[in-house]
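Taken verbatim from TrEMBL:
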type    : residues    : note
BINDING : 65, 70, 127 : S-adenosyl-L-methionine binding site
């Protein structure tokens, strides 16, 4: 299994050596991808009824695997009253401390983070970070996210997809690119159902396809 090759220390060592800017977060060479990505995410939230009028309707959100807060600054702070941050590399989050709208900053890996169920989150945003967790760790993590949602809360997942028919391990940053099928199996194992999903448009064809998923707890 590709996920058995994941090594968290190797991943941290990789990211510690990455520049704390948008180019670094996006792998270099594709800074313009950020605008396309953020527009696609905003349109997706509008489609599922999260983004509407001019009033911030989201009480609390959390940006998981946030890096320098590219998504927090470019999207979440414009729709949520408070945004928490989960990011193991502290040099990435240093500049976010004290920013209006930023709540708690958790400098820990997703596998170690336990969100508080009170007051709960309306949005748990996960993008380009879940590949650093093994399948079992990801199920456990998503279970914790599910338990920390408000009544109307959503878990959002936006990740690269493998089109090879199997998950792909990247030894450079010690991560896995999963198939759509495996991601959906993991969501099911974590007690989550997909209520909306769509591909991100406008990305260079040389990159992996990227899919967005809006997840809610399964009803008993």
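Using N, Cα and C of the backbone, Cβ positions are placed for all residues, glycine too.
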Cβ contacts of residue 127 (S-adenosyl-L-methionine binding site) (under 8 Å, same chain, 6 or more positions away): 41, 65, 71, 156, 157, 158, 159
Shell of the S-adenosyl-L-methionine site beyond 65, 70, 127, same chain only (C-beta within 8 angstroms of their C-beta centre): 25, 63, 64, 66, 67, 71, 125, 126, 128, 129
Least buried by Cβ count (within 10 Å) of the binding-site residues 65, 70: 70
